[in-house]
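**Student:** The following block contains the structure, expressed as structure tokens.
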């Protein structure tokens, strides 16, 4: 796939504050077709379980489909293509060599559009992965950062420098989603970005991409997207198969948020 030229390669300076969480994000295929984005998330035991958060609408909700998925790590361009340039809107040189196959469904719920998978194999040390923290507090944040695979192409980063807004999906009344507004000249999201994480200023996952009107050509309020909230997904539909709490805090610590875990095993400073 090819993503819009306004999007920003993760190797660009805009990624400098997020080098750790960039390594938690992956593209994946569904039954042989490049499909959506997801991310590796930490749990309160800090035990490197391969929990992978994506969107319910991506359809990774049956055992057969989950077993078919191939996850592609570190799929990104090697150089910073100037945003807006023709090269930024063309195929890059990202490699699909670092991959793993298969997952099981742990929990999913349409209300906040989340699916939590557990990948079948442990992390390959050569991939240098990162398990991102999360934040389930019921609040807005002063800004946010998205890391994603637009059109399931090379990994990109988009920053929001204004406060999030709690809402329903696509402007509906409700509290299940975070409405995130992109910079006028910065990156956005696209189909294929679905399921990708939105990070708080503290670099904790607040939710995953459901959708929205954003595109490189969008302006004003249309240059925005909606993310299903970890806050909502935490209790989900009230069962272990429809909520995050049983998996991301199996010990029942009651943590409101946790930080990420690097592949070296020590939590970041």
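First residue shown is number 1, and so on along the chain.
Heads up, the Cβ atoms here are built off N, Cα and C, so glycines get one too.
Positions annotated as active site, charge relay system by Swiss-Prot: 57, 113, 194. For 6-216, 12-80, 36-58, the entry in Swiss-Prot reads disulfide bond.
Walk me through the surroundings of each of these features.
**Tutor:** In the shown protein chains, 18 other C-beta atoms lie within 10 A of the C-beta of residue 57 (active site, charge relay system).
Long-range neighbours of residue 113 (active site, charge relay system) (same chain, six or more residues apart, CB within less than 8 Å of its CB): 55, 56, 57, 169, 177, 208, 210, 228.
The DSSP secondary structure for residue 194 (active site, charge relay system) is coil.
Annotation for residue 6 (disulfide bond): spatial neighbours 83, 84, 88, 185, 186, 187, 188, 216, criterion Cβ-Cβ under 8 Å with sequence separation of six or more.
Close to residue 80 (disulfide bond) in the fold, though at least 6 residues off in sequence, lie 9, 11, 12, 13, each with a CB less than 8 Å from its CB.
Mapped onto three states, the DSSP output places residue 36 (disulfide bond) in strand.
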**Student:** For the disulfide-bonded residues 58, 216, which one has the sparsest Cβ surroundings, going by other Cβ atoms within 10 Å?
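**Tutor:** Comparing Cβ neighbour counts within 10 Å for the disulfide-bonded residues 58, 216 gives 216.
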**Student:** When you measure from the Cβ of residue 12 (disulfide bond), how many other Cβ atoms are you left with inside 10 Å?
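**Tutor:** That number is 19.
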**Student:** Going by DSSP, give the three-state secondary structure for residue 113 (active site, charge relay system).
**Tutor:** coil
**Student:** Once near-sequence residues are set aside, which residues in the chain of residue 36 (disulfide bond), 6 or more away, have Cβ atoms under 8 Å from its Cβ?
**Tutor:** 27, 28, 30, 54, 55, 58, 60, 152, 192, 193, 194, 195, 196
